[in-house]
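What TrEMBL shows for this protein is this:
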DOMAIN    40-479  domain 'Major facilitator superfamily (MFS) profile'
TRANSMEM  41-65  transmembrane segment
TRANSMEM  77-99  transmembrane segment
TRANSMEM  111-130  transmembrane segment
TRANSMEM  136-158  transmembrane segment
TRANSMEM  170-192  transmembrane segment
TRANSMEM  204-232  transmembrane segment
TRANSMEM  258-278  transmembrane segment
TRANSMEM  298-319  transmembrane segment
TRANSMEM  331-350  transmembrane segment
TRANSMEM  387-406  transmembrane segment
TRANSMEM  427-450  transmembrane segment
TRANSMEM  456-475  transmembrane segment
Amino acid sequence: MTRVSFTSRPGTLVFDENDNEKHEFSASDVLDKRETDWRSMWISIFLQLLVGVQVSVYYMSMWPYLQKLDKTADVDFLGWIVASCNIGSTISNPIYGYWNQRTMSVKTPVIIGFLIAAVAQTWYGLLSLFPHAKWFMLAARVMTGLGVGNIAALRIYAATASTPKDRMKAISYGTGGFVLGISFGPVLSAFFTPLGENGWKLGAIYINMFTVVSFLMTVVCLAACVIVQIFFKENYVGIIEENEPGSESNVMIPKYDLIGALICIYLFMIVNIIATNIEVMSTPLTTVLYDWKDSQSILYNGIALCCCCIVSVALNIILGSTRLGKLDKRIQMLIGLGFFLLYQVFMYPWNFYSGPLDYLPDGKDTDVAGGCYQTYEWCKWTTRVPLPIYLICFIVFFGVAFPFVESPSAALYSEILGPRKQGNMQGLFSLGGSLAPVIGSLSSTALFQATGFRYVMVYQAGILVIGAVLVLVFYKRLVPLRLKSIKKT
């Protein structure tokens, strides 16, 4: 038997027991002979879209709904409710990853996740039945997070059920699906604003612009379970087993570069921090900036987010299907970080912007008028970001930045790990993406309430600069795992 060696560095020689140099060939030849099952992959992409919708559908309507249900809730508590879904996902992501690692099953954990989410969404629609509703809303969103943590299993499938030549396409399209879902969720919520905040009553249940969405999400979750059970087939063509039968080589999977993997996780985390902050804060932010009442903030931000979604999804498709996707993933990530930084620069309340901000009329709330609460002392010295700049930042900068960081970081992460079972590590990757918004939403809503959005922008710019520095410093370690092996003798 020939001794086998793998290396991440070109030019390494491999010898047998007699120290005779042996001819090497790429282990990727084994994978190149396989084909990605695109029918199941497209189902996986569609399911990632549904997960994104479940996560974000209440982002813009949550604040007015919370105020309607429980007057004791403030913006700080809103941060906890936003974080609660991600807290649930943080708990469940590694569980779904471990489940896949042990069983090599995606189908079962995905179905269980959607069933849990269905219960949570129904609960959210029935919040008016409970006293102290803010705590029950918090619990409903935690349960939603426990369900949609199944995104970890779907990401594992994209990374391990695609061949190397299809991996960027599979992950980009999956990311595009999730981004589309994240972006479409608030748009879907805005679509039902004509029902109004009061709507009508069906027995003890209120049917209004807030609750009808939750009942629709319940139906969507149950339909997803049926689709997975009937149509989804698992085929892990991206995994190489050691000494795989039928291969012409003795295949061994080397250790991956931990530093490179951790940097990819960090980049994924900061993208999710910023995405959550922008979407969650858009309603209270535009209420104080442009004096929009709640329904206007939900509708106008929903339209802006829809346009942003079009930009992001289009770029994800381009990255997955054109030569642009062949651009070095490290360069792609630096481009995305640059656009994120542009967002922070233009959205900072510079002194040359007009100001200060207006306060709410006496006796009025944000359901009938826009402006700052009297407790917001910072409105007295905060300037107003011009509306055209806000829209350009939201639609263009955010729309371009997201796919240029999330897609390549996810694809590069799977390539750094190599063609092995990735359940535990992909669970860790998804955990980072879920934990980040918890940190971001809590810190940002607290900063917003105490000091305005000025230091939110500074804070976000800081974590982006750290990400760019990490990419540049460890540039040579952010490369796919290179496999080499020896033909059997």
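The backbone N, Cα and C atoms fix where each Cβ goes, glycine too.
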If contact means at least 3 Cβ pairs within less than 8 Å, sequence distance 6 or more, would you call the transmembrane segment (456-475) and the transmembrane segment (298-319) in contact?
no
Does the transmembrane segment (170-192) reach the transmembrane segment (387-406), going by 3 or more CB pairs under 8 Å (6 or more apart in sequence)?
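Yes, since the transmembrane segment (170-192) and the transmembrane segment (387-406) share at least 3 Cβ pairs closer than 8 Å, they count as touching.
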Sequence-remote contacts (6 or more beyond its ends) of the transmembrane segment (41-65), Cβ cut-off under 8 Å?
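Contacts with the transmembrane segment (41-65): 75, 78, 81-82, 85, 89, 106, 110, 114, 117, 121, 124, 127, 137, 144, 147-148, 150-151, 154-155, 157-158, 161-162, 170, 173-186, 188-190, 197, 209-210, 213-214, 217, 220-221, 224, 227-228, 231-232, 279-280, 282-284, 294-295, 297-298, 301-302, 305, 366-367.
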Mind checking which residues reach the transmembrane segment (204-232)? Cβ under 8 Å, same chain, six or more beyond either end.
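Tertiary neighbours of the transmembrane segment (204-232) are 39-40, 43-44, 46-47, 50, 53-54, 57-58, 61, 64-65, 68, 106-107, 110-111, 114-115, 117-118, 121-122, 124-126, 128-129, 147, 188-189, 192-198.
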Using a cut-off of under 8 Å between C-beta atoms, tell me which stretch among 111-130, 136-158, 331-350, 387-406 contacts the transmembrane segment (427-450) the most.
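Highest pair count goes to 136-158.
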So, does the transmembrane segment (111-130) come close enough to the transmembrane segment (258-278) to give 3+ Cβ pairs below 8 Å, pairs being at least 6 apart in sequence?
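As far as Cβ distances go (cut-off 8 Å, pairs 6 or more apart), the transmembrane segment (258-278) and the transmembrane segment (111-130) do not touch.
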Suppose you look only at the domain 'Major facilitator superfamily (MFS) profile' (40-479); what would the mean pLDDT be?
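Mean pLDDT for the domain 'Major facilitator superfamily (MFS) profile' (40-479): 86.
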Between the stretches 77-99, 111-130, 298-319, 387-406, which one has more Cβ pairs under 8 Å with the transmembrane segment (331-350) than any other?
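The stretch I would name here is 387-406.
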Any residues 6+ beyond the ends of the transmembrane segment (111-130) with a Cβ under 8 Å from its own?
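For the transmembrane segment (111-130), the nonlocal Cβ contacts are 50, 54, 58, 65, 69, 92, 96, 136-137, 139-141, 143-144, 146-150, 153, 204-206, 211-212, 214-215, 217-218, 221-222, 224-225, 228-229.
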Which range out of 77-99, 298-319, 387-406 gives the transmembrane segment (136-158) the most CB pairs under 8 Å?
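Going through each listed stretch, the top one turns out to be 77-99.
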Six or more residues out from either end of the transmembrane segment (298-319), which same-chain residues have a Cβ under 8 Å from its Cβ atoms?
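Those are 60-61, 64, 168, 172-173, 175-176, 179-180, 183-184, 186-187, 189-191, 193, 279, 282-283, 286, 292, 325, 332, 391, 394-396, 398-400, 402-404, 407-408, in sequence order.
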